[in-house]
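Just below is one structure, and these are the notes that go with it.
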Amino acid sequence: MTTTQTAKASRRARIERRTRESDIVIELDLDGTGQVAVDTGVPFYDHMLTALGSHASFDLTVRATGDVEIEAHHTIEDTAIALGTALGQALGDKRGIRRFGDAFIPMDETLAHAAVDLSGRPYCVHTGEPDHLQHTTIAGSSVPYHTVINRHVFESLAANARIALHVRVLYGRDPHHITEAQYKAVARALRQAVEPDPRVSGVPSTKGAL
């Protein structure tokens, strides 16, 4: 596996991640306006990442190819790893940001919540999904999305961005709604956490570093 990283500016990142299973390029601008272009070869995942970038107000470009003819797992997880790496790089030294964010997102019968701390200490808690999501496939294309991957996505994002991320489903029935509400909750929590805080000029930590 090879990974190359190039910082364009303090709030931007470009990540290239290549393995025998996938080839991924991500461009991220935290100070964007929600301009998103995603092509992973997994249509439902494209839909989820588009929602994430749009509702976080990030400018996000994702180009990924992988062994989806075997199964989408590798491409989905590797893309989440690269996205987390890009987020961590774009945050830089985290001076002047709010650091914490949280959001409740309803989607019809579903309610999801996400809370984030851009702490530099990677941790993910993912809870509340109904048991049937362990065995649900969202099809509609030749490359389906298995909802059991949701936890892997959030864990990979948190680990590689080095953030604490808590995602929970309070209630819901429809697998599409449950999945999408979680992605949107994470997006809105991140949007809040990365925002500049006009009252903070340094790193938002009593330790002086994150």
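Positions of Cβ are set from backbone N, Cα and C atoms, glycine also.
Keep in mind it's a predicted model, so treat the numbers as computed, not measured.
As annotated by Swiss-Prot, substrate binding site applies to E21, 47-55, 73-77, R99, R121, 176-184, 205-207. Long-range Cβ contacts of Y183 (substrate binding site) within its own chain (separation 6+, distance under 8 Å): M48, L49, A51, L52.
Positions annotated as Mn(2+) 1 binding site by Swiss-Prot, on the basis of experimental evidence: H47, H74, H176, E180. Around the Cβ of E180 (Mn(2+) 1 binding site), a 10 Å sphere holds 22 further Cβ atoms from the protein chains shown.
Annotation comment: Swiss-Prot describes H73, E77, H152, H177 as Mn(2+) 2 binding site, evidence class experimental evidence. Here the Cβ of H177 (Mn(2+) 2 binding site) has 18 other Cβ atoms within 10 Å, regardless of which shown protein chain they belong to.
Taking Cα separation as the measure, S54 (substrate binding site) is nearest to H177 of the binding-site residues H74, E77, H152, H177. With respect to T75 (substrate binding site), the closest of these binding-site residues in Cα terms is H152, chosen from H47, H152, H176, H177, E180. Listed in sequence order, I149, H152, V153, S156 are the same-chain residues six or more apart from E77 (Mn(2+) 2 binding site) with CB atoms under 8 A from its CB. In this structure, T75 (substrate binding site) is part of a helix by DSSP.
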